[in-house]
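Student: Encoded as structure tokens, here's the structure I'll be asking about.
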């Protein structure tokens, strides 16, 4: 399967959370800016300056907005403890991954000394995992499950990156996103 058959939104303004969600679900109409802004208002209805997005209202949504958006699809974002190895994840039970990584802030081609956060989705599509980063010109094939675990290990090696596992609410509740030998509650 080539990159041309994988849905991939490219970065516009500070809407990487929107792009990560739509790329994860492979649907350009899954979410839109109006919906994410409404989620922000519902999370902080009495705030003049909303703490869940940029002051200018251009995006830069936080994890609370992503989690609420995922709930609309009966999904959950499970924070992954980077002290664990990603090989403990049962990838057959999940929708995909969302990474939160540092990103340099640029105006045009000028890089400013401001550190921002960027959301990236990773998903298995037709047997192959894809990096669906909206800052890429096209989606990048990561490879099979072993290559994806190595990719995630390398991402988590840095202290300033976070990994969220996206799964359905039932899978999150039962912890079946973990392989049986890694579950705390003994569910097999």
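Cβ from N, Cα, C; glycine included.
The feature domain 'Josephin' is assigned by TrEMBL to 3-181. The active site feature in TrEMBL is assigned to 16, 118, 133.
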Student: Between the Cα atoms of residue 118 (active site) and residue 16 (active site), find the distance and write it as a whole number of Å.
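Tutor: Spelling it out, the Cα of residue 118 (active site) and the Cα of residue 16 (active site) are 6 Å apart.
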Student: Just name the winner among 16, 118 (the active-site residues) by count of other CB atoms within 10 A of its CB.
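Tutor: Per the Cβ count within 10 Å, the most buried is 16.
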Student: If you measure residue 133 (active site) to residue 16 (active site) at Cα, how many Å is it?
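Tutor: Their Cα atoms are separated by 8 Å.
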